[in-house]
């Protein structure tokens, strides 16, 4: 980045100091610390994305607040409001949160402790704000895995130690170390719990299967509970039962026992899990209901683990039994290499309620309720908050509909590897929802998937397999979206084939209610599928590609009626969204007669020795022109006239929308293969990404390449236009997001991310940029700073690309539009320096003035404007004046003081008139005469530029042809002033306008004055010389620029 150097300007220069961009060698470069255009705002789509279990606390007698961890931030939800987000903690922790607990009106969060950073802490939050930080021992170098608060104690459990604080003062009290054992058997794997009535006692589960009982007050080990069997394994979970002195203990190899602490005897023993799927979470129902045949008895226990998505419910009466299994409560992990998260991280009954809350590794938080009438041993879903369970791969802001209902750009569509399609609201978080793909759980029950007990070992039995394949492309248009009232037809979704389940009345009814508005293409699937956006569900149709190839790209027409599907084999087909019928193929099908005629033409050309491909340009045979490779992009122009497709074969083809005929093409083969296309309707430009790492911008009217944007070092993952079409934003595999300015072709901004950005989208309002990175299940939202501050379009180099942190869930460190609007404007001082004001860059360049165009155009047509503005008739006297106005026939009497003032004004005006006779001219005439004497007309031209059109016209009219004291006439001086300006190659358009007005007003006086005629001849020679020079330059540019724009031929 060019730095600034200070140039001292003396007072004698008389110029205003401006900023000058210096060369690259003038000063050392510096690296920017923030993006010039985008500021981090927040991250959306995260609910429970980590292994840290949620924590809950009752809020009075009416509701519960549930807090989850999403990395370095906590999110609190209100159960009564349907799990509505109420708090986000700020500031975010320096490292990832490892344990949380809610206590009264506060939430405690432990973070850090890993070997990478060494930073660690325990913070206290109240209503989302940090209120205190607990002091940690200096020798603590391992993370706190669990926090528990009871009585006067705050207890933190680490892997090899237990830390204790006072809850009243937050001061550190003591550290407890488990008894040593070989091979790390003393590690605390089961966490810690406290039991009612056991004052100052804490129970800690160890890796060797034993449970230690510690007295926190004295810091002594009181007793050790031994495992029930030698091969029980490590303790994985501890939970006290509602009955006093009974503790539930689960082990890694499967055993689950209810142990009496007072007698040290096992009361109940179950085979709850196995070594591959141990139980890690236990909870008991406390409303004294749910067990027995009719659900009227107490004694219900729920267990779960992270290796499957099931929750098991136990009836502890009569020796204990499994009373029901909630299959697929959360996504089960399909395999060790699965990209879709799954498993249950925690299950908890709310105190005194028939409600159970579960959180899963599939980024979801759910509440379930037990029905009493009719009785059910398995709960039903009550509330749910979730997001993508796998990394996001596609992003698109929903466009506004024809009525402008969604013009605010609040909705963002996202697709992920979990085979789901989500709609995110940027205004109200609780409005975000997943678009339904039908009753997945009902289908699973019919197929017997939910009855299978080996979900984790059989990937084909997961719930995700009942969904459509991963979405790889999507398009949307709301102009014919019917909202919630859209007709869904017979209710069948994604009907395949031409006649399957298609009622004859479907198209008729949907014509009045609206139809689908989103279409998606899926990985290794030959069907493109439709979606109802208003109903937030899957649509009626599944469109099959005409050549049987997999869907590679999709598009919707601007009218919202047609969907265009591109195939991996090169075929392009168009379907009607209202009826689901196939409407066109690109190229169009030939009738037998047309095919026969085409074959005859080819044979005749072959016999005559004429190359078949040597046809005149713009002439393509009907039915010919199919892409030879995968169609990587499709767009439909704003008027539904043309369909534009691109392919890996290096061709860009322009098809007639109605006939399906090829009307034009651009051939870049074999130099490049085209991997993507974007269209901006306002300026009719298309941008195309190529495998040579360039982005080429083509004008659809002229079919010319107008820009080539270089800079990406690796393949381009995604790109888009800005809302006004001025920028192109691209994300590549070199982990950089780049922004180019189309008018200048400059790379004006770039953001270096920690991981590569896989998808991005720009909102239609220009407010937000949405991005997602590799392996990330959330969506990052960035603010556009140009809405409230000026951004220069200076080109930046690769060395100036800033390393910028991505947005956070809490929004900390982000900037909103309101914040930016009140920021003081900061100039780019690193790249500028004081310099003399340059009104002309070079004397070889013809320079225009900075006078507004409307001013000199008004001067040219001033007479016409006055004639047009002339009143059509004279003003009329009102028939009867209002009663409060005096009559002109009987005016009001004038007082003596007013009469004296009138006489004084008359005397003053007379004095001014007498002085006017002595004054020889106004400022215009004085400046013109002064320039004639000094031969420097710059002050005169400067004064004339400041005059409004009417004043300039009057001044030119007042020019006199008479001479005084052997001086040249004002007409001659005026012509010489314009000639000098023309020689200086400045104010070209003003000189032409002034001369046109001058010739029109003084044409009669010019012909009688030889001196004026001579001056006009000199002006004409200078004018013709400059005209020839400019014409030669324009001709040169007209030849060179098109050649440089289209280097590929």
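Note that Cβ sites are derived from N, Cα and C of the backbone, with glycine treated the same way.
A TrEMBL annotation is a machine prediction, not a hand-curated record.
Taken from TrEMBL, the feature domain 'WDR36/Utp21 N-terminal' covers 66-371.
Within the same chain, residues 148, 153, 155, 157, 162, 164, 173-174, 176, 178-179, 181, 184-195, 232-238, 247, 249, 251, 261, 264 sit at least 6 positions outside the repeat 'WD' (202-224) and bring their C-beta atoms closer than 8 Å to a C-beta of that stretch. The feature repeat 'WD' is assigned by TrEMBL to 202-224 (among others).
Residues annotated as repeat 'WD' in TrEMBL: 624-665 (among others). The list of residues near the repeat 'WD' (624-665) in space but at least 6 beyond its ends in sequence, with Cβ under 8 angstroms from a Cβ of it, reads 549, 552-559, 562, 564-572, 574, 584-589, 598, 618, 671-679, 681, 684, 686, 688, 698, 700, 703.
Taken from TrEMBL, the feature repeat 'WD' applies to 709-750 (among others). DSSP assignment over the repeat 'WD' (709-750) gives 0 helix, 24 strand, 18 coil.
TrEMBL lists 839-1045 with the feature domain 'WDR36/Utp21 C-terminal'. Confidence over the domain 'WDR36/Utp21 C-terminal' (839-1045), given as mean pLDDT on the 0 to 100 scale, stands at 77.
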